[in-house]
């Protein structure tokens, strides 16, 4: 094929001299939108209910609803259309223009794009050397008209051109196609990872059974099914568990020391028992040292935990067997302490914690039963003890399960964030490779920066153009390609082109050339881009020689007489992209035009060069006169001296041999042969052998060995490996010191604290329920062991009703469907607000605490010592336990009758008030959403109030109990018949023991609360970092995807990015009925000139960019959603419709009518541009319909193309057309005429390659009804 092709500047001979080559111009984007088209318009009606007849009234209502919905849809589409017009008008309309309204003749029908009159007048022809108003326009517009410096990869500032409108419009991004994401719920809290996982309106359980299962589900935690994942989880929390274990050992040492002190304070001393307690302290201290050594491993954690449980059991047994006044209530406090700390601070699984808690409880009950079997009140004490131990175990479970679930959930969410990040990273790398295979890195990076940058609403679009001097441009055309294509099927044609251009791409990489575009059977590339090279002319000549050699192989294999015609010229180029959609990297300049004509005026199998190129070759090649002017009018007109390469000189042969030898040595040193190049090699899997050239590295290509190894890895293993490295690398101490305050445990950064405070704990209802359960246990304990009173029953009933109401309102959040809206709203306000939930939690804990000791005020508070002293007429200091036994009142622990003549009942077991207060402290620890400082303040308040009550108004209650317990333990049978009081054990007074044990509990619970909150905050911080990294990667991925979808059709990009596709899978499809349009500005070549005043033609390209941008905005309108922009070549705009199932309307042919409407809209738009820019651009448009073949060719730089007779004829309709007219074929005429479009017959037109054809002019759309 011969004739020039327009790949160079707008207005080169391509728009006129080579229309036959436009058949292969293509890069169509298949619409993947959410607007499926139905023939005849979309109708939405009400569906008929099954089983019922449709009455006429119902039919009428349905029809009315359909009409109303259609009317609303039309209004919505009209509103979108007006908004699109307003966006377009921002640049074209001036203050003196009439407003866009119903009376404006230019506002109806097609919705024009208006530009400011002053902007066009001041630019007009000046920017192309026709006046002196350009500088005024630049000053008024606030931007420079200069092109960005060569090699610049900056953002908007680097380009200097004026930015335009929001970035979604600036970069040609179709917003209506990106609305798949759901809008966030208005009441949902934002900004915190983890978010609100609670129930929402409209979701949640549907019945009471499901609601109960949902409540039970929050306390379930299972081992991960994968052993590897479970080990990662253990590693994830190993340091925290190690810290928790050390903390537990410290508090156990404290408890053992307290037990030793209590035993040492009361004679007689038993050294064996003291030795066991001291040995336990020593063992725990040794274990604490070992657990904090660097050699302590994750596998040692379980062994240390079970060893500690064994030590606790030994201490439990020894503590209960110590000589003391026997009592079934002795040892309850440390048993409760041991049980709870095993659940909360010991990092063991639930089964081990439950077994340990049950065993400790059983040991206490068994030893108490054996030692106090003769007590007639033992049953009440044992029942109370069972209730206390049961409550402790339940609270332990309620604390252990949510904590473990939270930890496992935090681990799982962190892993999911990392998994999503790595997945996004892999996809992003694929997108980067695909993107950078189409656009050079500096252009792609600048576009992505502009997407992310906030842009001002300015007059003109940014133009991505850079100027490069001293480059060589090569054009190569396959002579005889038409006969080759005629012998191939659609698949064979795609495979042949793919194989051929894959070889050319490989040769271009080896010869340091950058392939620009493939135009049908024409291939052109540039050397000296993106990085300048001194040997750019040599590279192009060598590339041409290799291409001629490669085509000879095709000739031998196929038997078809095909050959290459190569033309080369050296000079200056402008490179970049134009328009808003379907970008393709291209070059423009008069030198590119000349190179194009050098190929057209060349000879088959020869390299045709200009004198400029010859001057760069330094005599390394033998040449002969080319006489190009004899074969090409352009060369003759411009008196271009040309030459044909004969052969390279001996010097050049030696240099080439040396380079080849070095390449072989480098290949051998790598250790394997380069892979065979074939068409089936996907473009991003092939990097031209074993190495990547410097130019390709600059364009984003990686080493194939590293990439293949990366892609072959299992994604799950990759996630686990990455997480393992991150776990090993993170430092808990460093994170705490950098981000968290030491005592308050608040984040140092206010934003972090704000995000953390917005987290919603959807287990709040379970916390309230657990605290209410503690209240019930306290009630049962008090009812069992404390004398009954009306006040007791009324107070407990009141508290029960209040707590039931609180539990009811809190649990509604997890069962939203069962209750009315106001209750749901109240529950959400409580649960979703940290302040409200904290206040409700404090209220609940207060009720539980009051229920623990308020009955104390109903007990007899008389001083038993004083009564006995008066009875025996002795001083109170001489009263002992034997006086109790000798009292005439027959006092005993089991007697609830008031003594000393008072009517108030006797509460002989006041220590159970203390144990109830301990249970209320445990209820305080259940509320995980309350901060550790808040818990500390609350627990100190509880301790202070209770200790004041014990030590001041009700101290005699505890003194009396001490005396009665001692008396009850005296064995008078061993007195040998004497009247003396036998020797008996003494005990530390309860009024001394009570503050100590409560302080120990407060300390342990505070340490646990600090550990829980510290763990939660560190998990939040780590997960936040993982989430932010994931979001950054997703944001980068979104930028790449938006750019990528603006270059390749979405289905084509998805095809190449799919991991599961085969390497030998080509992309091609046959389309049954496609409408194709070519629209060219016929006289743009007259407008384009390269002068110093217009920045060597850049300002002319800026004008073309604005025109193409207007066309791109028009094709983005919703009514043209069936259309696809294929590409722009110079000043020619190519579009098609019906390329996929979502845009092809087989019955209604609406995709054909849409393309005809679009063509008329372009004509009207061009007229208006001429009116306001004082230019006289003339547009010719050609339309045709028929079958096409769509596919992707090019291994290194994929290019979506459409081929077929339909495309060829559409191109001929443009090239043979008349300025300012739309020419259509007979097939197109039949479809449009059947839809009442206004057409007129032009007559018979001679078309190259087709002979004579009857054609028609499209004058207008259907008449308005």
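Each Cβ is built from the backbone N, Cα and C atoms, and glycine gets one as well.
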Of the ranges 887-907, 908-928, 1013-1033, 1034-1054, the one Swiss-Prot annotates as transmembrane segment is 908-928
Identity of the Mg(2+) 2-site residue among 521, 535, 546 (reference: 477, 478, source: Swiss-Prot): 521
For the record in Swiss-Prot, which of the ranges 163-183, 184-204, 205-225, 352-372 is the transmembrane segment one? 352-372
Looking at the candidate ranges 720-740, 741-761, 930-950, report the one that Swiss-Prot labels transmembrane segment. 930-950
Counting Cβ pairs under 8 Å to the transmembrane segment (792-812), which of 271-291, 328-348, 766-786, 908-928, 988-1008 comes out on top? 766-786
Average model confidence [pLDDT] within the domain 'Guanylate cyclase 2' (1075-1214): 88
Give residue numbers and ranges for long-range contacts of the transmembrane segment (302-322): same chain, 6 or more residues beyond its ends, CB-CB under 8 A. 245, 248-249, 252, 256, 259, 263, 270, 273, 276-277, 280, 283-284, 287, 290-291, 330-331, 334-335, 338, 342, 346-348, 352, 356, 359-360, 363-364, 367-368
Count the CB pairs under 8 A between the transmembrane segment (271-291) and each of 245-265, 328-348, 839-859, then give me the winner. 245-265
DSSP on the domain 'Guanylate cyclase 2' (1075-1214): how many residues come out helix, how many strand, how many coil? 62 helix, 40 strand, 38 coil
Mind checking which residues reach the transmembrane segment (839-859)? Cβ under 8 Å, same chain, six or more beyond either end. 764, 767-768, 771-772, 774-775, 778-779, 782, 786-787, 789, 791-792, 795-796, 799, 802-803, 806, 810, 830, 904-907, 910, 913, 916-917, 919-920, 923-924, 927, 929-930, 938, 942, 945-946, 949, 954, 957
Distant-in-sequence neighbours of the transmembrane segment (352-372), which means Cβ under 8 A and at least six residues beyond its ends: 305-306, 309, 312-313, 316-317, 320-321, 326-328, 330-332, 335, 338-339, 342-343, 346, 378, 381-382, 385-386, 389-390, 392-393, 396-397, 400
Let me spell it out: take the transmembrane segment (328-348), skip the flanking residues so only those 6+ beyond its ends count, and list any with a Cβ under 8 Å from a Cβ in it. 237, 241, 244-245, 247-248, 251-252, 255, 259, 301-302, 305-306, 308-309, 312, 315-316, 319-320, 356-357, 360-361, 364, 368-369, 371-372, 375, 378, 381-382, 385, 388-389, 392-393, 395-397, 399-400, 403, 909, 911-912, 914-915, 918-919, 922, 925, 997, 1000-1001, 1004, 1007-1008, 1011
